[in-house]
Structure formats: C-alpha cells, structure tokens
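**Q** Starting off with a structure, shown below.
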Amino acid sequence: MAAGSGSGTPPGTPPPTLLTDLATGLWKTQTLTAAIETGLFEALAAGDADAPETAQRLGIGKRPAEILLTACTALGLLEQRDGRYRNTAVAAHYLVPGLPDYFGGYVQMVARYTAPGWLRATEAVRTDAPTKPVPDPDRNMFEEGNRPESFWEGLFTFSTLTARQLAASVDLSGVRRIMDVGGGAGATLIELCRQHPHLSGTVVDLPHVCALAGERIAAAGMTGRIDTAAADFFADPLPSGHDAVLLSMILHDWDESQNRKILASCLDALPSGGTVLISELLVDDDKSGPVDAALMSMNMLVGTWGRNYTGAEYTDWLRDAGCSEVRTVRFASPGANGVVAGVKA
C-alpha cells in the first residue's frame, strides 16, 4: 500500500488520547461491574478457564464471555496464557466474594447508588444542588430510608482499607479511647482497634446506623472494646470520656458553617490535650488536584451540599475552634490521602 499523501496532523498538535480516555471512562467501570455481577472472578477463583468453560460457569453465551474476558485482561484484572484466563493478584485479593478485603460491594454501590447522580452532573454544576436521587429530599440524606443498607455495606471494605493505612501512618500510641464521629457501620474503628491493641472507642452515628455497627462490632469480636452511641452530631452533645475524636470521610459531606459546628461539638466533648483527627482526601492548597480528591469533590457536588477541602482550610478551622499543634500527616489510601490533626488547648 502506498503511503498517504495528506499532510497529517500539524506538528505540535496534542493527541486526543486524554479526551478519549476521559470520554470512555464509563466503559471501564461498567466492565468491572459486569464482571462482578456475573460472578466472573468468583468463577475463576475455582481455577483457570478458556472462554467456552467460562461461558458455561457463568451461564452466559460464548460471545459475551470472550468479550468480557478480553476486556478484563486488557484492564489488568485477568491474565491470559494459551487461551486460558485466571485472576490477577488484585482480582484474587479484592474481587472474590467472601474474602476479608472483598471490594465488589463498593463497586456495586457506586454503580447502583452513586452513578445516577453522576449522569446528571451538568445539572449539579448549573444548579449547585445534589442530583443523586433520594427517596425524601426534604429529610437529612443520612436518615433511615434515605440511604440503602447497600451504601453502608459497600463502604465497609473501602473504609477498612483506608483505616489500615491511617493506623500505619498516624501515631496513636498516646491515644487510649477514640470516638469515631459519623463512624457508620464501624469499619474504621474496628480496623484501628485491630491494628492497635491498646485502643478502645465509641462509634457515634444515627440510631439505625449504630444498629448496623453493633452487628459488625460483634462479628469482629470487638464488643469488649468498641461500643456505640446514637446521636445526631448537629443536635445532640457528643459523649465524653475519650481522648481523641476521629472524623473520617465526614466533613466532605457538609458546608463550611456546618463543619465548624461539628468541630465545635467535637472539642466540647474532649478534655484539654485531646486530639481531633480529620481524615480526608485533601485537595491541594492551590486547588490544582490531586485527581482522587478533586473527583471525590465532584462526587460531593452530585450527592451532597459539601465538597472536599484543602489541608489549609481544615488547619484554619481547627485553630479557630481552639486547637494548637495543628499538623498534617500524608499517606495513600482509597478514602484519604492525609490526616489533619489538632490538639485542644
């Protein structure tokens, strides 16, 4: 074939690779979701298989089996050798149901609960109002019935993996009893206590969420070290008797005035010398990134009245609330890239 005679792309023109990758991002997430919901990774955990065997195990046609296997291999979820497929280390660890770090619940929660609001992201940008559907938008988004149980279940592993890195990165040797405010189903405090045998604490959340936390705490064998306290942190005083308060992935749900109120309530419950720990995906102080924090902030735009904030903003709020020795500790995890900590004067 003769070479083309056209002039081609002018020198210096950037390739559109970034745009095609962004435009088709949904294809990747839905491929992962389809693989989880059809049981692909669970099926391959029983042994490698070719396309016809995979189709038989999943009860699907050979054509979709081949396409799904190829896509998952291209995405780094499967390995292929001589026409046979098996789970990669990542898939084997995180995507097989029943294993301790199973991540599929989070993926399904995003697909079923979070995605509908994202499909109306332009509306959220134009109206400055959440677009994520809730049964009763006039009620608190966290009240019973306004968030499905799958939300709390899906976040459990996500929160556990985040807490694991927090526990390894932040010095908690001087803390004896910690209060996890807005602690959900208890994943964060369970993991912190698992990593630090000297710790005990309290999960504070709404009554129906505390019921879920109680079940998880019992299943983890932590009932002697972790209790629950039902409270609305905007309306009720927080329980005393703790020397640290943790706010893990909480303040991004609310606006600045609400967050200042939450911090004031936390400090009221602490003795002098007690520590407040804010664990979040921190936006860079110049608001240029990073990607995970910036996109989580977009997630807050479509789902809440909050946003992700900078470390500098949290530092100012803690100091204004009466904290000294404010510092930031950085680490990498699914739900946080750092902790901003302050000591009550």
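Backbone N, Cα and C atoms are what each Cβ position is placed from, and that goes for glycine too.
Got these off Swiss-Prot a minute ago, pasting:
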BINDING   ASP205  S-adenosyl-L-methionine binding site
ACT_SITE  HIS252  active site, proton acceptor
**Q** Are there any residues at least 6 positions away along the chain from the residue listed as 'S-adenosyl-L-methionine binding site' with a Cβ closer than 8 Å to its Cβ? List them or say none.
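**A** Non-local contacts for the residue listed as 'S-adenosyl-L-methionine binding site': GLY182, GLY183, GLY184, ALA213, THR228, ALA230, ALA231.
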**Q** Could you tally the C-beta atoms, other than its own, that fall within 10 angstroms of the C-beta of the residue listed as 'active site, proton acceptor'?
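**A** There are 23 such Cβ atoms around the residue listed as 'active site, proton acceptor'.
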